[in-house]
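As annotated by TrEMBL, substrate binding site applies to Asp20, Phe21, Asn22, Arg35, His58, Leu59, Gly60, Arg61, Arg117, Arg154. For Arg35, Arg117, Arg154, the entry in TrEMBL reads (2R)-3-phosphoglycerate binding site. The ATP binding site annotation in TrEMBL covers Lys204, Gly295, Glu326, Gly355, Gly356, Asp357, Ser358.
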Amino acid sequence: MKTIDDLGDLRGKRVLVRSDFNVPLDGTTITDDGRIRAALPTLKKLTGAGARVVVTAHLGRPKGEPDAKYSLAPVAGRLGELLGVPVHLAKDVVGDSARETVASLADGEVALLENIRFDARETSKVDDERASLATDLASLADAFVSDGFGVVHRKQASVYDVARVLPAAVGELVLKEVDSLKRATEEPARPYAVVLGGSKVSDKLGVIANLLTKADRLLIGGGMVFTFLAAQGHQVGKSLLEADQIDTVKGYLDDAEKNGVEIVLPTDIVAADSFAADSPHEVVAADAIPADKIGLDIGPASAELFASKIVDARTVVWNGPMGVFEFDAFAGGTRAVAQALVDATAQGAFSIVGGGDSAAAVRTLGFDEAGFSHISTGGGASLEFLEGKDLPGISVLES
Ligand code: ADP
Ligand code: MG
């Protein structure tokens, strides 16, 4: 893969950068600017080299047309503060305003194009439509730097197609993410423990098949756990359950036994009356969840068990909260796992936190990010990497 250094002298050159600025918003207030901060090394490197930097990114899920609710204006403001230079926001994606904004840039200045998903061609399944947006983007720049790790698993115009029409290089963030994830996939230091949780159960089951040939221990918590408990023949009450995945999970349990992979499931569950912050709740055995209760966290004995399986690991990957950590009463399991990762890291383990909500949990529960080896900015992308899937936004840079 070409890096920014391989692009040669960038002074006065227009460089298009795909960043991931898909930050959580409350109205127009950015509630977590982690992804903007993560984009800074590449942008600073380019402005420092005297490039005229043109950034493209998406925010939320607009429906292929302009929608003020998803304007990148708040991002432009925050990015300007963090970079210490004004960021010139174009009013459109590749229209008159974008062209004028880019043309007015001086060396070392930064333009931000409006939300790329205001243009329906960005996510089109039709190759020619994406290619036509890529051509429009390419007309605004002399080179392309791919740095939106959160989208490299997407075959989209600003991620994949544009890299085929401009001299293209990998950005600092994507480089760092890929190096970190490689440490977990290519000859990981052992024991290698993987902790999976969260609520996107069917999305995440796919990664398990691959991990069963790689990891030594697989710890399952969060909403995912109930499909496993059901596969073992237990009742799960009103808990999150993907009934159509029970057979798949049974297969995983069999394969794990054959491969000598230890699957660690919770022995106790915090069961609530309802999905609410102030719901009455009690700790019950994992194989005795009452029919009218909903499991919202792993129990305290399980938290201890999980921690013991994490602290002496040499490689730990964690994706997905152990419970509904947004409600304090159900944050215990997530807190214990985060602490165990910090402890393992302090003892020399290599630890990765992946997944938007998991990274947010680490921050909102007050952990110092420096306690982890790597906090990934891309949930889906990091999972697909761990699954061993081809990531179009990466492989296009390798060809
Ligand atoms: P990530 O973004 O880290 O990949 P997900 O998006 O898969 O994680 O899931 C995060 C969400 O999972 C959190 O909002 C959390 O409240 C929820 N969650 C965790 N455990 C449970 C549970 N037992 N029941 C319902 N939701 C859960
Ligand atoms: Mg999530």
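For all residues, glycine too, the Cβ spot is worked out from N, Cα and C.
Within 10 Å of its Cβ, the residue among the binding-site residues Gly60, Gly295, Gly355, Gly356 with the fewest other Cβ atoms is Gly60.
Comparing Cα positions, Gly355 (ATP binding site) lies closest to Asn22 out of the binding-site residues Asn22, His58, Gly60, Arg117, Arg154.
Between the two most distant C-alpha atoms of the annotated (2R)-3-phosphoglycerate binders (Arg35, Arg117, Arg154) there are 18 Å.
Listed in sequence order, the binding-site residues among Asp20, Asn22, Gly295, Glu326, Gly356, Ser358 whose CB lies under 6 angstroms from an atom of ligand 2 come out as Gly356. The 6 Å Cβ screen around ligand 1 retains Gly295, Gly355, Gly356 from the binding-site residues Asp20, His58, Gly60, Gly295, Gly355, Gly356, ordered by sequence position. Take Asp20, Phe21, Asn22, Arg35, His58, Leu59, Gly60, Arg61, Arg117, Arg154, the residues named in the record as contacts for substrate: the widest Cα to Cα gap among them comes to 18 Å. Cβ contacts within 10 Å of Asn22 (substrate binding site), excluding its own Cβ and spanning all protein chains shown: 22. A 10 Å cutoff on Cβ-Cβ distances gives His58 (substrate binding site) a total of 27 other Cβ atoms nearby, all chains included.
Neighbouring residues of the recorded substrate site, listed in sequence order and excluding Asp20, Phe21, Asn22, Arg35, His58, Leu59, Gly60, Arg61, Arg117, Arg154, comprise Ala57, Asn115, Gly150, Val151 (Cβ within 8 Å of the Cβ centroid).
Residues Arg35, Arg117, Arg154 make up the record's (2R)-3-phosphoglycerate site, and a Cβ search at 8 Å around their centroid adds Asp20, Phe21, Asn22, Ala57, His58, Leu59, Ile116, Gly148, Gly150, Val151, Gln156 from the same chain. Restricting the binding-site residues Gly60, Lys204, Gly295 to those with a CA within 10 Å of the CA of Arg35 ((2R)-3-phosphoglycerate binding site) leaves an empty set.
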